[in-house]
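Feature annotation from TrEMBL assigns coiled coil to 25-52. Under the heading domain 'Kinesin motor', TrEMBL lists 66-385. The ATP binding site annotation in TrEMBL covers Gly144, Gln145, Thr146, Gly147, Thr148, Gly149, Lys150, Thr151. Taken from TrEMBL, the feature region 'Disordered' applies to 449-515, 564-600. As annotated by TrEMBL, compositional bias 'Polar residues' applies to 476-492. Positions annotated as compositional bias 'Basic residues' by TrEMBL: 589-600.
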Amino acid sequence: MEAMGGHVMVPLESLSLELPNGEIVVGYDKEIAALKEEISALRSKQRHLDRRRREALDKLIDLKGSIRVFCRVRPLIQTSNLKTKSPVTVGQEKIAVQSVGIKKEFILDRVFDQESTQEDVFLEVKPILKSALDGHNVCILAYGQTGTGKTYTMEGTDGKLGIVPRAIQELFSHASADSSSTYSFSISMLEVYLGSLRDLLAPRQTLFRHTECSTASNISILATKSGSVEVEGLTDVSVPDLKKANQWYCRGRRARSTSWTNVNDVSSRLTRITIRKHGVTEEVSKLWLIDLGGSERLLKTGASGLTMDEGKAINLSLSALGDVIAALRRKRSHVPYRNSKLTQILSDSLGDGSKVLMVVHISPSEEDVSETVCSLSFAERARSIKSNKDVSEDLKMMKQKRLAELDKEICNTEQELKYVNEQIKKDEISLEEKKQLYSSVCQAVSDEKGSPRSTLVTGHIDATESPQATEKPKSRLSNGSVPHFMSSTACSRQRHNAGSHSVSKPRLTKSVTRHPIELSGSQSFSYSSCKNAAKARSVAFSSSVPKLKYLPVKSDQINISSNSIDSTAASAPKRRESFVSRPAQRAPLHQHRRRMSSLT
Ligand SMILES: Nc1ncnc2c1ncn2[C@@H]1O[C@H](COP(=O)(O)OP(=O)(O)OP(=O)(O)O)[C@@H](O)[C@H]1O
């Protein structure tokens, strides 16, 4: 505090605030600095945990195989009263087909029986979605004979949502829970029919089935030098929230079902979600969700004409996909992506660093048994991991143990991350509240009418009777009902008890800390005006927000007016921010002394 023309100058950082309940708020800057420090430490922990989680997930997926194949058996649809035994027997990772002249067993990564629910399937899909959020390109494909449930698995029905709507939901919920990064998503949908591509989200849909199909698409596939693929001309809609994403997804579904009538079984439908993760660097990844055309063989259907062409096209597309997967599995240097439109589009999402999940669908009916065997043979070939039957028991056990360890590590890290994320959110809210409170005080200063150099009346101090109290307040501990930083001082409690008349007078309190109020160096506080401003402002504040009340004076910084020099004056730091008292509002010295002593 300095003396200026008979006015007492109080360092701005000495400011304290009084809450409506009489509590005194002190040490704001320390609180804010501590919070900032804590948030920064939590963020660094968050990055560390996220790295650990990613590494564990990568290892887990690699160990499980970057091309995983599941099988789902559709429930039996009874076409006649004749009850026949299903040729299919299902285990957890095993499926046996037994019929006249057929006895085969297939090993896959996971088999879902007829009773499996959409939730069961999605639970197994979830880890791969995390991989997509971590920056890997991911492909989830539904393969199988017509009518075996591909669309049911991918899209689902109203009450039983399939993988696509659940995945969209999961992406948004993950993005909102992850405070370490921000994500943005966009969606595209297209259909591949007879080797042509159709944009399902284009503003106007072109209906074509026969001659138009070769000319209707203006989509072209471009491979960039870096190996990524651009589908030029394909509509890509940015979706800021789940609602918008669902709206566009439904629109794409409608476009598909209303335009190319009756081609659903011979066309492949692709939904692409582009994930942008904004952090220090931007990571872009693609999540492809694909409902492939029916895989039945042409000979069986006895097709001719257009149906024959459609069958050939889908067969070409599926066999090209099979060839690509086989080449990838065998780690061949040449992967034949160019053999079909489908594999060209997916070329950067099936290869190195990508994760592929294929859900092969089969019918439990006796009449479909040969198609079932074909589909399962395709499935087994596609797996990147050798069948367990070729692996020794010891190795199997070791693998299971390692998988369980990684699973546990991911689970624990996610728990820790969840806790850290919540803590960051809480701290950020708390920090924001404190900053707002401070900015309100600053606003009170700038509201000072007329003068940019606002003044704060602190009371007159006689040269001979400078305050002696220099000790810190004994306790600022919370009484439990308010945060600890808002605990009352002895002074506030005394004043609160003393009645309202004393409240109206300017007071001196000890300041404990500096307050980093963002004022220009020339600004200072006027007690009276601030009090009024703060009172007025308290309408806008929540009821718990304090009004400016106190005139904190750091006693060891108290300086005396020009003609009476305090002994501490020489050592007192001179600050540009100061509060100047007005003689008319000076408090008698004895009042001041009493108050100062009450602080001890
Ligand atoms: N797991 C299941 N649970 C209950 N109903 C199912 C299941 N799988 C398929 N269905 C039903 O079987 C019928 C055929 O399924 P769906 O249309 O999904 O087959 P699809 O393989 O997509 O056929 P397409 O190749 O013609 O598109 C639908 O009525 C669907 O609701």
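Cβ atoms are placed via backbone N, Cα and C, with glycine included.
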Q. Minimum Cβ neighbour count within 10 Å among the binding-site residues Gln145, Thr148: which residue?
A. Gln145
Q) Which residue, out of the binding-site residues Gly144, Gly149, shows the minimum number of other Cβ atoms inside 10 Å of its Cβ in this structure? A) Gly149
(Q) What's the number of neighbouring CB atoms sitting within 10 A of the CB on Lys150 (ATP binding site)? (A) 30
Q | Sorted by sequence, non-Gly144, Gln145, Thr146, Gly147, Thr148, Gly149, Lys150, Thr151 residues with Cβ within 8 Å of centre, ATP | A | Arg74, Ala142, Tyr152, Gly294, His361, Ser363
